[in-house]
Amino acid sequence: MSESKNDPLSSKESQAVFDAFDTPEDRKLVRKIDLRLLPVLTLLYLLSFLDRTNIGNAKLFQNYNTALSIYFVAYVIFEVPANRFTPQLWLPTLTLVWGIASLAQGLVKNQAGLFGIRFLLGATEAGLFPGVIFLFSVYYRRHERSYRVAIFFGGAALAGAFGGILAYAIGKMDGVGGRKGWEWIFILEGLLLTCCSLAYLIVPTWSHEATFLTERERTRLLERLNADSDAGRQEAFEWFFVRQALTDHLVWAYALLFHGFAFVLYSLSLFLPTIISGLGFANWEAQLMTVPPNALAALSIWCTVWLSSRYNYRAPFIIGAAFVAIIGYIILLTGPTIASQYVGVHFAAAGVYTGNALLLSWPGENVSGQTKRAVSVAFQITLGDMGAIAGVLIYRPEFAAHLYRKGNIISIGYLLFAVVVTTYLWVWMAAENRRRDKIVAEDLEGDEYRLGDHSVRWRYVL
């Protein structure tokens with residue numbers, strides 16, 4: 001780690017911590033944690049995102065947009081309450097219940113049934129993403145988290161790629177057992193999710209109780225975490241920290257940033273088959289042609305976040321991703337040929353998914369205090385997904401003309417809003433880091449434990 005004012009601690013402290021906790025033994029420990037956390041959690045999120053977006057490959061009944069928005073209403077309601085349960089029990093239980101709900105989507109016979117199932121699906125999936133982000137924060141040091149979040153979130157892009165292939169293949173079962181192809185999509189994916197609830201045996205619990213680590217490894221892990229932040233401390237719940245999170249302007253800014261990107265993320269992922277079909281392709285062709293943009297998005301996430309972690313900056317990469325997506329939407333709207341418009345879809349997907357992967361790890365790195373961080377991460381998703389509700393309602397059939405021109409222009413506006421919020425965060429935190437560099441930490445009076453990220457020793461990742 002270089003000596004820069006963007007380091008979480010002061011430059012000398014940061015260099016010392018890096019040297020002391022980056023030994024071959026530490027790297028072996030991190031690899032062991034990676035192998036235990038990343039495969040199973042990424043698989044769960046891939047299936048979660050596949051499940052919530054495959055309705056885009058299987059439009060059914062009227063009021064399709066209402067069915068989409070009901071899911072996100074439930075997601076928003078249950079987001080914050082779902083983020084403080086024991087992960088080893090909580091995450092697989094959610095998987096089991098939403099697997100059953102997903103399967104039930106293939107059995108519904110009317111709109112009322114579909115609306116009820118979509119609400120249940122949103123409620124059960126609400127705890128997965130913030131729960132995993134918080135779990136990462138109690139296993140990894142701050143500079144180690146963003147790349148793990150990127151690998152995890154890459155499951156969303158891969159879900160888009162696999163979703164198109166699966167929808168095409170399973171759609172061929174139309175008529176089997178007297179059921180339509182779209183019904184089989186939900187039934188088979190629901191069965192797969194239900195089987196994956198066996199993750200009870202794999203998903204770890206909190207770091208200080210991790211049974212897959214030896215006593216020596218747990219001790220070393222907690223030493224690494226305590227030297228870097230508060231992640232290794234066992235913190236009792238206090239409403240003080242909840243209020244601290246909800247009154248912090250940076251927490252609101254992280255949430256508003258995701259609000260801007262979430263509008264575009266979910267409208268693009270849910271309506272991508274429809275948009276591609278609008279280019280003149282048959283529905284089955286459109287499903288297959290969603291694969292390349294989503295595959296590119298996954299590659300873009302992993303490469304960009306690696307660079308972001310390498311240079312320890314988030315804001316410039318988020319802004320860059322937003323402008324890549326904006327260029328994609330402009331090409332989609334103005335491209336002279338179908339091929340050029342399809343290229344625009346690739347740019348849009350790469351920028352949107354990459355920006356989301358970066359911004360979703362940001363509060364987990366910059367918010368100190370376990371309760372405050374848990375609330376902040378969940379609040380970011382809650383307020384952010386209100387943007388998703390707006391997105392799925394704006395991409396309505398009556399606005400479908402010219403490849404959803406109105407919706408795509410609004411998406412550009414949301415991305416520009418996200419750029420403004422990112423700039424605010426970048427400028428404010430950079431100024432605050434400079435201010436804190438001028439303060440002698442020993443002169444500080446007060447309880448640093450309760451100050452959390454307001455302590456002068458704390459440095460924000462920009």
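Any Cβ shown, glycine's included, is placed from N, Cα and C.
Remember, TrEMBL labels are computer predictions, not curated facts.
Record features, source TrEMBL:
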type	residues	note
TRANSMEM	33-50	transmembrane segment
TRANSMEM	62-82	transmembrane segment
TRANSMEM	89-108	transmembrane segment
TRANSMEM	114-137	transmembrane segment
TRANSMEM	149-170	transmembrane segment
TRANSMEM	182-203	transmembrane segment
TRANSMEM	251-276	transmembrane segment
TRANSMEM	288-308	transmembrane segment
TRANSMEM	315-335	transmembrane segment
TRANSMEM	341-362	transmembrane segment
TRANSMEM	374-395	transmembrane segment
TRANSMEM	407-428	transmembrane segment
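The stretch with the most CB contacts under 8 Å to the transmembrane segment (251-276), chosen from 89-108, 288-308, 407-428, is 407-428. By the Cβ criterion (under 8 Å, sequence separation of 6 or more), the transmembrane segment (341-362) is in contact with the transmembrane segment (288-308), since 3+ such pairs are found.
Highest Cβ contact count with the transmembrane segment (407-428) among the listed stretches 114-137, 288-308, 374-395 falls to 374-395 (criterion: pairs under 8 Å).
Of the two recorded stretches, the transmembrane segment (374-395) does not lie close to the transmembrane segment (182-203), with fewer than three CB pairs under 8 Å once pairs fewer than 6 apart in sequence are set aside.
Sequence-distant neighbours of the transmembrane segment (89-108) (same chain, 6+ residues past either end, Cβ-Cβ under 8 Å): 41, 44, 47-48, 51, 55, 82, 114, 117-118, 120-121, 124-125, 127-128, 131-132, 179, 182-187, 189-200, 203. When each of the listed stretches 33-50, 182-203, 288-308 is scored by C-beta pairs under 8 angstroms to the transmembrane segment (114-137), 33-50 comes out highest. Same-chain residues lying 6 or more positions outside the transmembrane segment (182-203) and placing a CB less than 8 Å from one of its CB atoms are 36, 40-41, 43-44, 47, 50-51, 54, 57-60, 87-89, 91-93, 95-96, 98-107, 166-167, 170-171, 173-174, 176. Sequence-distant contacts of the transmembrane segment (288-308), counting only residues of its own chain at least 6 positions beyond either end whose CB sits under 8 Å from a CB of the stretch, comprise 146-147, 149-151, 153-154, 157-161, 163-165, 168, 272-273, 276, 281, 314, 317, 321, 342, 345-346, 348-354, 357-358.
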